[in-house]
Amino acid sequence: MAVIKKGARRKDVKEPKKRSAKIKKATFDANKKKEVGVSDLTLLSKISDESINENLKKRFKNGIIYTYIGHVLISVNPFRDLGIYTNAVLESYKGKNRLEVPPHVFAIAESMYYNLKSYNENQCVIISGESGAGKTEAAKRIMQYIAAASNSHSESIGKIKDMVLATNPLLESFGCAKTLRNNNSSRHGKYLEIKFNSQFEPCAGNITNYLLEKQRVVSQIKNERNFHIFYQFTKGASDTYRQMFGVQMPEQYIYTAAAGCTTADTIDDVKDYEGTLEAMRTIGLVQEEQDQIFRMLAAILWIGNISFIENEEGNAQVGDTSVTDFVAYLLQVDASLLVKCLVERIMQTSHGMKRGSVYHVPLNPVQATAVRDALAKAIYNNLFDWIVDRVNVSLQAFPGADKSIGILDIYGFEIFEHNSFEQICINYVNEKLQQIFIQLTLKAEQETYEREKIKWTPIKYFDNKVVCDLIEAKNPPGILAAMNDSIATAHADSNAADQAFAQRLNLFNSNPYFELRANKFVIKHYAGDVTYDINGITDKNKDQLQKDLIELIGTTTNTFLSTIFPDDVDKDSKRRPPTAGDKIIKSANELVETLSKAEPSYIRTIKPNQTKSPNDYDDHQVLHQVKYLGLQENVRIRRAGFAYRQTFEKFVERFYLLSPDCSYAGDYTWDGDTLEAVKLILRDAMIPEKEFQLGVTSVFIKTPESLFALEDMRDKYWYNMAARIQRAWRRFLQRRIDAAIKIQRTIREKKGGNKYVKLRDYGTKLLAGKKERRSMSLLGYRAFMGDYLSCNESKTKGSYIRRQVGIKDKVVFSIKGECLHSKFGRSAQRLKKVFILTKKTFYIIGQTREQNAMKYTQDYKIDVGKIKQVSLTNLQDDWMGVILVNSTQPDPLINTPFKTELMTRLKKLNEKIMIKVGPTIEYHKQPNKLHTVRSKISDSAPKYGDIYKSSTIYVRRGHPANSKSNKKPKNPGGLSGKPIKSKKSKHKSTHKHTHSHRSHRDAAKKQPLPSQKPVNPLSLAATAAQAAYNPKPDKTVPIKSSAIPAAKVSSKHSSKPSSKEKVAVKKASSSHKSSSAKQNQVSMPPSKGVEKNKEPLKETTATANIPIPPPPPPMGQPKDPKFEAAYDFPGSGSSSELPLKKGDIVFISRDEPSGWSLAKLLDGSKEGWVPTAYMTPYKDTRNTVPVAATGAVNDVTNQKSSQIDNTISSAQEGVQFGSATVGPTSDNQSNPVGTFSDGLASALAARANKMRAESADDDDNDDGDDDDDW
């Protein structure tokens, strides 16, 4: 079912604004940015990495950072604030599909939230890209949009949204740091799930943490920084914290100052510290918990300041015990035990199943420093995990979670000069994300097409599964498994473990994506080749504290420290604890499983340069990212694939409302196969066949525009149904109102007459016998309506003129005309003017064209009370002089076809105005200078105009001055004059009845409607048709037995016509002349069918004695030629025009030099002006038939009517005018139908003569029902 269109409505029915289907006025949007490049890379004319890069560069240079590849968003980091995340921008994306608005991260968020509500499926967004490309910012903006879009007045819902938003500044402070590439680089990965209740309001959340970069706590590359929280804390700590925890500035700590960078551009550490505290309060961290968090941070910073020196024996010794004492105070452990754990390592030997000896092995300064750093990293890592768990506790406080939207913000691909274990883990996770992208977009899409037997051309792409297996595989072992084996073999010596690992790497030399070098190895990732250092890599993989450090923490009296280290040391356990590599593999696989359960969206971020400059665009660097992100392959598959796919069942469940065969009043009514239901939905929604394919179990829609059309139709379904009911009800009410108004108007006219006609008659009396009259002024439909320019209405030309001139009073008369403008030494000029009359003032308005627009100015503003006289000639011209009282202005001499009405209304408003009619018009051409204009009859003057030259008006002779206006013709259709046609609904009820509905509809079209009122038949053919249905004997004619017996006629043709029999007859238009001897041209409007209460012919004696009357004179040929419309002429809406359709046949009575012709319909019902160029002479190729017989009987639908038609034609052809007997030719005499026609024509001829004579005395003008403008 397509979108239901609203039918035409009456203009006088006021509708609510919100329901208006009116097209909004087009306006220029000055804020709209010019489109640069293409907004969707699938629209590129040439698909290549270079063309993609060039398009991204164009948009970046113009401040446009977002581009689509289908439903995948490409984001280029602008390194500046573009002002595109304001509330106003956010609101503009609500409820819009991605094609209605420019590409934006808000559009992806809106699509996710809409799909969550519409399909009740979990959603997730995978944000990928290298470090510094803008992944964290994109995640924040998605959270911002979802929180704003899911508006709720519930206090609990509002609180959970605040908590979700507060996780951003909190986790950024503890998990992000400044790097060489990015000032806010995520040094951990997180997957945030926002959970929604059944009303799709956020009610809970959960955060999963992935691989915090612990090494950054103790060391950073030069010009990089530690985690943000350390600089925030040291710069913004309160005096209380400084006294309790000995907080110093960041330059005083080794962990924050060693890299030589304690500040960063665009970062305000003190302000961010306040934001972190506010986030803690929002999430629900009490003050005691906050104190303990900052106590641990202070302990970590002071642990970094512990230094070691070498004693006489070459072993490590604490350089300053005051530092260790303060650390022991912060950790609430024994100071001597702390020092012992830092400079010694406990070694335990075993003999079989028995425990061996325990040795205290002293450490050298390098080893002691490593132990110190291990303790700091362990405390920070466990503190971060505790914060994430604590946030989850707060986010899970509200039950009712049903579905979720997941946001993955994880570290990007990294390639440094020296890459170690952290980089291999980070790059491995990015490989897994790339694998998901390939599986869910490229590979899965092509496999789906093959499985569903969809026509498809396979496209080659790089599947990085081989690289993932190289790192994570167990059998055969991958790189991380080989590293675990090396640690197990040489667990006591890190150097030995590194050498063992290097030897095991020889197993991978046959792998094309691996290369071994001296103390290094290379992995060929999808993003590029990365070289990793072997030295120290196995020690980082151990990810465990020495047992003596764990035992040290177990002795603390600080309950918070005990809480973040919950596991006790199992001294008897022989099982190898999981390494960092094991944990990251497990986390990555769990992440893949979680993402696979949700409907994914993708954001691919690109970093334009390494300098973090808003103006630089490194083509080489971006081109490299375009290649390893696989954007070209993505574009190719997107252009060849389908934008949407869904199983038949879910598609029908979603869109069954769009087909009337599948639904009724919102209920699903289809009981057939779901595949057939899908076909019905697509058919009724008018989706082209090229836009979709039907697979084995699913339907595939090619373009997103088709999907958006389906969604839009579904959204409007209930509105359309409600609008349909409202439309029907309003139509019923309006018909009732219209009927009441027509009854009231008719009653008022019967009692008191029509006020407009009364005003016309009053004006006629004012000029009675004084001024010749024009033809148009005599029409019965002419009435003094007044406001012909519709100045009192809104949105009309008249109202526009009224506003421009500044007229505020109600307008009683308005019309266009001309005014004589005199120039010194030159002939007077006729200028177009507009005349507007109010109750007090008469305005003459001039018009000029300026800058291709019409401008109206006030020429005269005349007080009606200051008009002394109105002067007119006694001929039929339209000139009129307005004589003013003691005016300093010249008297206006105006020309308007409605001069009589203007004069009448002026007289009504001011009874003192004198009306002077004579052969001349006298007016003041200049103040106190009387000028005379003569009038003269001239045959060379235009038929409907005049010529003004040298103060003389030349005009043709008009109708006599004492001519009276014709009576208003009666409407042929009762009150309204038009039948009320019932509108058939276009809505199909069911598929089963479609054919029957169509056949009924076609049959109805073949049935012509009867006219509303029978008319007097004046022609022989019309009389015969009328008599065939409803013959009546003429009581004034003596009856004789010489006529053909009517019993034969009655026996064959006296039955009543059925309701489906329709007959149209013609009537002759009456002449203005009273001569009854002249035969006039016959015009035939539609005649009403015979009424049911009419009696059929009866056999009577009187009928048998009807004499044969004398035959009428021969029918005259048509006076006016016939013309055929060659084109459609809808008209401009003026009542003087006659709208035509191509092929319509009319009479042309006269042609004007202006290019217009006066045309009349064949039935004489309407007359008006048509363009001469639109008309061509009509060539009648049918057999020659008398004009009166043409169209006498139309659209008969049964055999009986057909016989009547043949009878009439036979009667007309057989009449021998001027003879005593009337009958057909000899060939027809043997035909029984001919016998009927002979008698019928003879019997009705006399009746026709009498009626023709009576109609000649009737001087009513029934020419059309136009509102002629004279």
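Just so you know, the numbers here start at 1 and follow the chain as drawn.
Using N, Cα and C of the backbone, Cβ positions are placed for all residues, glycine too.
So that you can see what the record holds, here are the features copied from Swiss-Prot:
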- 1089-1098: compositional bias 'Basic and acidic residues' (COMPBIAS)
- 1215-1234: compositional bias 'Polar residues' (COMPBIAS)
- 1256-1270: compositional bias 'Acidic residues' (COMPBIAS)
- 36-715: domain 'Myosin motor' (DOMAIN)
- 719-739: domain 'IQ 1' (DOMAIN)
- 740-765: domain 'IQ 2' (DOMAIN)
- 771-961: domain 'TH1' (DOMAIN)
- 1118-1180: domain 'SH3' (DOMAIN)
- SER357: phosphoserine (MOD_RES)
- 1-20: region 'Disordered' (REGION)
- 404-486: region 'Actin-binding' (REGION)
- 951-1015: region 'Disordered' (REGION)
- 1029-1136: region 'Disordered' (REGION)
- 1215-1270: region 'Disordered' (REGION)
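Away from its own ends, the domain 'IQ 2' (740-765) comes close to residues 782-786, 900-901, 903-905, 908, 964-965, 968, 975-976 of its chain (Cβ-Cβ under 8 Å, at least six residues beyond either end). A 10 Å cutoff on Cβ-Cβ distances gives the residue listed as 'phosphoserine' a total of 9 other Cβ atoms nearby, all chains included.
The residues of the region 'Actin-binding' (404-486), classed with DSSP into helix (H, G, I), strand (E, B) and coil, number 47 helix, 7 strand, 29 coil.
The domain 'IQ 2' (740-765): residue composition by secondary structure is 24 helix, 0 strand, 2 coil, according to DSSP.
Counting residues per DSSP class in helix, strand and coil order gives 21 helix, 0 strand, 0 coil for the domain 'IQ 1' (719-739). If you take every residue in the domain 'TH1' (771-961) and average the pLDDT, you get 90.
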